[in-house]
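Pulled from TrEMBL:
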SIGNAL    1-20  signal peptide
DOMAIN    34-464  domain 'Integrin beta subunit VWA'
DISULFID  CYS35-CYS45  disulfide bond
DISULFID  CYS38-CYS75  disulfide bond
DISULFID  CYS48-CYS64  disulfide bond
DISULFID  CYS260-CYS300  disulfide bond
DISULFID  CYS434-CYS691  disulfide bond
DISULFID  CYS462-CYS466  disulfide bond
DISULFID  CYS501-CYS515  disulfide bond
DISULFID  CYS532-CYS567  disulfide bond
DISULFID  CYS580-CYS589  disulfide bond
DISULFID  CYS612-CYS617  disulfide bond
DISULFID  CYS619-CYS629  disulfide bond
DISULFID  CYS632-CYS635  disulfide bond
DOMAIN    639-728  domain 'Integrin beta subunit tail'
TRANSMEM  729-751  transmembrane segment
DOMAIN    752-798  domain 'Integrin beta subunit cytoplasmic'
Amino acid sequence: MDLRLLLISTLLGTFYNSYAQKEGNECIIASAKHCGECIQAGAKCGWCKDPAFLKQGEAVSTRCDELQSLVKRGCNVDMIESPKGERKILRNKPVTNRKKGGEKLQPHEITQIQPQKLNLTLRSGEPQTFDLKFKRAEDYPIDLYYLMDLSYSMKDDLENVKNLGTSLMQKMSKITSDFQIGFGSFVEKTVMPYISTTPAKLLNPCTGDQNCTSPFSYRNVLNLTSDGKQFNTLVGQQQISGNLDSPEGGFDAIMQVAVCGNLIGWRDVTRLLVFSTDAGFHFAGDGKLGGIVLPNDGKCHLEDNVYTMSHYYDYPSIAHLVQKLSDNNIQTIFAVTEEFQPVYQELKNLIPKSAVGTLSANSSNVINLIIDAYNSLSSEVILENSKLPSGVTITYTSRCKNGVVNGGENGRKCSNISIGDEVTFSISVTSKGCPNEGMSDTIKIKPLGFTEELEITLNFICGCDCQKVGINKSPLCHSNGTYECGDCRCEDGHVGRECECSSNDVATEDMDRTCRKDNTTDICSNSGDCVCGTCECKNRDNPEERYSGQFCECDNFSCDRSGNKLCGGHGRCECRVCVCDLMWAGSACDCSLDNTTCMASNKQICNGRGTCDCGICKCTDPKFQGPTCEICPTCPGVCTEHKECVQCRTFGTGEKKDTCEKDCSYFTLIKVKDRDKLPQPNDAAYPVMHCKERDANDCWFYYTYAVNNNTVKEVHVVDSLDCPAGPDIIPIVAGVVAGIVLIGLALLLIWKLLMIIHDRREFAKFEKEKMNAKWDTQENPIYKSPINQFQNPSYGRKAAVL
């Protein structure tokens, strides 16, 4: 178990040390040898060029530190080199405010972003922030190029597109007074297996009596024009063609439309490309089916308005298309049938500033589709920037309509923008180190789909002004280096504070001997390096901690501590000894010489019952405690004084139960289970008063009162009351009931006994009277009846004979 704890402790320590080093002072970690290295370490770093700044044993890199640390160490602010970046606006033309039908302006005279040109001077780690305004101009010119699939399945669609020019002109006139439209068509690469290469099929790829034109890859039918009737005429002359497979070669056509701007007639205005099809698409790699393996070169190959290299170059990749569409500020509208909606929705997610509309089976809704898609595209602005130099980063924060603020990746865009709305983007550019070896660079930021852009020239601060006035081959550097920024910058092959040594002679025993204190074995006290016979002390991650001295034997962080503070926070550490501030003493400056903290309420030092030692009273009478020896926890009356508060806080009863929280929070309450758990006078390190008090119900409660060594008042209380035992109701009731029952039974028995005796007496009396009555019924012996009875003797015998 101990081994496991030791391992965990070691791992935690290693993690903490590595984390601390990573999160340490970047200026010190850089170990800069000259001012240029220092200011490239971070935006907070500065270089002290004061020649007398370094103390004995401190390395040249010690001149590089955070600004507040340099000032604290005694470097005058005027002697600190810390150049700052700057921002300069070179062109700041206001955004255009005009209404439709107003002053006629050329496209290049309309401004939708502000500013247009900036110059940024960047210092490593210091961001330069500026605002970019964007406002959709009203009546802004629009170029629309309609690119249509002319495979056989689009036959009925072609009929509806033939009148698209004039109809679309009328609709778009409500949006802009300067509108141009063009037309192009595509089918497929003219090689197997995309089309049939038999002579007959090359002339007419359709079957039966259908008359179709020869297959082609892409044809520019009409350059961008403001003549809608010409559009109708030329489109009306187009014929359907055919191919073998289902996907079409539309990507070849899109690439040519994007890169052949001069031939097609794109202007520097809003550019819309409507891609109309009822099928999928081939992309990079599919050309291998026809033996075409050369990647698309992204260049224009139109001859007589026909793409001539479809059989030579593969289809472009999606990423290639995205790049070219973005470079040429083209916004794409995919007008596709419902069947292929999911496919083109996924494609839309890969192509910024694109939209997808559902095309009816015969393209009858194409005009409404274009208008809706244009409104959707123009209501969102997305910023993009050109490739950044290595080490340069850029962040965006958008402030859109209705106070909506977005950051991160969403900080590049604002949605639901109407014509005339103005939105603002806050853009921060930051460099790390010195990109491009200090050479200037240019980046551009623009809203996707717009030709206007902000041009930013980046300049990088890679050195200090004091380096520009350095003295080469200075005598102060033994003519072996340049004296600049308060110190020597040695030439290759020389080292030392004054470049006095050759690097070949540095590691010698004689020089090391001068770096050992009192002939010990430790070179520079193991806290520095011996350079040219002189100790150069190591830097520490904490900018406040430093080694110093001839042998790096001193430091300012190994002094005694008090309250986890170096020198108690009341002094400074010099060569491992605390130098205390005024009115403080002791090895850790923790002894206050101010007696005011010992003054009691009666204006006596320690209440006259103690002595003041380092600002703390030491009471001579053991009965008294507290910071000024005024507390007597064992004096008479203590128990009665705290009775009500102990009662209300423990049991919620007593006279102070309603004001308990207000009046009785001055002590710490600790509850115990029984009286044996209360602190005993002999066990505690401070006096303890035992108390026994009675409440209104004649119940006793027990507690102790004491003031501990930290002057905190402690009350230990038994959490149960000791109340007198009341009568046991059940036995009493049982006894009473039993007594009543027994008495009742006894009375019944007595009554029964009396009744038996009474009955027996009555029965005896009855018997006696009965005997008397029987004697009264006998005949008087001297009585002679007057009646005589005689019997006929014959009567009896006669009767017997019969």
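Sequential numbering from 1, following the chain as shown.
Even glycines carry a Cβ here, placed using N, Cα and C.
The model shown is predicted, which means the values in this text are computed figures rather than measured ones.
Where TrEMBL records a feature, it is marked here on the structure.
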| residue | record | CB count, 10 Å |
| --- | --- | --- |
| CYS35 | disulfide bond | 29 |
| CYS48 | disulfide bond | 29 |
| CYS75 | disulfide bond | 22 |
| CYS300 | disulfide bond | 18 |
| CYS434 | disulfide bond | 20 |
| CYS617 | disulfide bond | 26 |
| CYS619 | disulfide bond | 19 |
| CYS629 | disulfide bond | 25 |
| CYS632 | disulfide bond | 19 |
| CYS635 | disulfide bond | 12 |
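CYS619 (disulfide bond) and CYS462 (disulfide bond) have their C-alpha atoms 66 Å apart, to the nearest angstrom. Note on proximity: of the disulfide-bonded residues CYS260, CYS300, CYS589, CYS612, CYS617, the one nearest CYS632 (disulfide bond) is CYS617, by Cα distance. With DSSP states grouped into helix (H, G, I), strand (E, B) and coil, the domain 'Integrin beta subunit tail' (639-728) comes out at 20 helix, 27 strand, 43 coil.
Of the listed disulfide-bonded residues, namely CYS532, CYS589, the sparsest Cβ surroundings within 10 Å are found at CYS532. Reported as a whole number, the C-alpha separation between CYS691 (disulfide bond) and CYS635 (disulfide bond) equals 12 Å. Taking a C-beta cut-off of under 8 angstroms and a sequence separation of 6 or more, CYS462 (disulfide bond) has the following same-chain neighbours: GLY36, GLN40, CYS434, GLU437, GLY438. Put simply, CYS35 (disulfide bond) is 27 Å from CYS515 (disulfide bond) when counted between their Cα atoms.
Each residue contributes its Cα atom, and for CYS501 (disulfide bond) and CYS589 (disulfide bond) these two points are 43 Å apart. Long-range Cβ contacts of CYS64 (disulfide bond) within its own chain (separation 6+, distance under 8 Å): CYS27, ILE28, ALA30, ALA32, CYS35, GLU37, CYS38, ALA41, CYS45, GLY46, TRP47. Straight-line distance linking the Cα atoms of CYS75 (disulfide bond) and CYS580 (disulfide bond), rounded to a whole number, equals 23 Å. Among the disulfide-bonded residues CYS48, CYS532, CYS580, CYS629, the ones whose Cα is located within 10 Å of the Cα of CYS617 (disulfide bond) are CYS629. In the structure shown, across all protein chains, CYS567 is the one of the disulfide-bonded residues CYS466, CYS501, CYS567, CYS691 with the greatest number of other Cβ atoms within 10 Å. Most buried of the disulfide-bonded residues CYS38, CYS45, CYS260, CYS515, CYS612, judged by other Cβ atoms within 10 Å, is CYS45. A separation of roughly 77 Å, to the nearest angstrom, links the Cα atoms of CYS260 (disulfide bond) and CYS567 (disulfide bond). Cα of CYS629 (disulfide bond) to Cα of CYS466 (disulfide bond): a span of 64 Å. For CYS580 (disulfide bond), applying a Cβ distance below 8 Å and a minimum sequence separation of six or more within one chain yields CYS567, HIS570, GLY571, GLY586, CYS589.
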